[in-house]
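Taken straight from Swiss-Prot:
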MOD_RES   SER2  N-acetylserine
TOPO_DOM  2-238  topological domain 'Cytoplasmic'
MOD_RES   THR4  phosphothreonine
MOD_RES   SER45  phosphoserine
COILED    47-69  coiled coil
MOD_RES   SER75  phosphoserine
MOD_RES   THR79  phosphothreonine
MOD_RES   SER125  phosphoserine
MOD_RES   SER126  phosphoserine
MOD_RES   SER129  phosphoserine
REGION    129-150  region 'Disordered'
DOMAIN    165-227  domain 't-SNARE coiled-coil homology'
MOD_RES   SER205  phosphoserine
TRANSMEM  239-259  transmembrane segment
Amino acid sequence: MSYTPGVGGDPAQLAQRISSNIQKITQCSAEIQRTLNQLGTPQDSPELRQQLQQKQQYTNQLAKETDKYIKEFGSLPTTPSDQRQRKIQKDRLVAEFTASLTNFQKVQRQAAEREKEFVARVRASSRVSGGFPEESSKERNLVSWESQTQPQAQLQDEEITEDDLRLIQERESSIRQLEADIMDINEIFKDLGMMIHEQGDVIDSIEANVENAEVHVQQANQQLSRAADYQRKSRKTLCIIIFILVIGVVIIGLIIWGVKG
């Protein structure tokens, strides 16, 4: 499954696609877990192990695709009024994606351990008589044989060794692929960690700007208050001066009137 681009910058549709992928990853992880539980039982078979590998690789591709979608979602432009809501939505998607990845990586590691255990049993059973009862009849036939005459046993021994080597190579190839896929998921975890860190820096910057704006508003209000106080004091002083001048004029007028009288 290859990565397909977003949905024309529509955040709602992109968020829906991310949520859908997260649900698929969770569902696939549960299916992988059920398949792992069948290994070593009568239901075990080479076909079952092949299905397990295909399901694991499909889920790994889903995880890579979702990682790209979340990056795209985080880079979409937004208005100041929608910024907080967009952050809440992205935080929720990242948290859900992280939870689904954690569970998926858990079953990945279980699958790798099961494959390693199987290879070890095949190697051991190729050196001793008899097989291992945990594996299915199809795979058990590759490494077990019945007591026969010495020439027949030697011939069968050679056939089993060749089949065992082929089986070991297949399983070791599967182990290498699983380990590579686990590393891919580790890289996605790093991406998510970086996104959370960068988003935190952006939010801190926004909050700092808001705080600075609030400080500026408070300072402006204080300056306006001081200006109003100064204006009131100036008016009061002017009124007092005018009152004194009026009194002075009246007194001078009375003095002049008294002299003339």
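Here the Cβ of each residue, glycine as well, is placed from N, Cα and C on the backbone.
Of all the modified residues in the list SER45, SER75, THR79, the shortest Cα-Cα distance to SER125 (phosphoserine) is found for SER45. Counting only the Cα atoms, the space from SER75 (phosphoserine) to SER45 (phosphoserine) is about 46 angstrom. When Cβ atoms from all protein chains are considered, those within 10 Å of SER75 (phosphoserine) total 9, not counting its own. DSSP gives SER125 (phosphoserine) a helix state.
SER45 (phosphoserine) sits 56 Å from THR79 (phosphothreonine), taking the CA atoms of both as reference points. For the modified residues SER45, THR79, SER125, the ranking by surrounding Cβ atoms (within 10 Å, all protein chains) places SER125 first.
A helical conformation is recorded for SER75 (phosphoserine) in the three-state DSSP classification.
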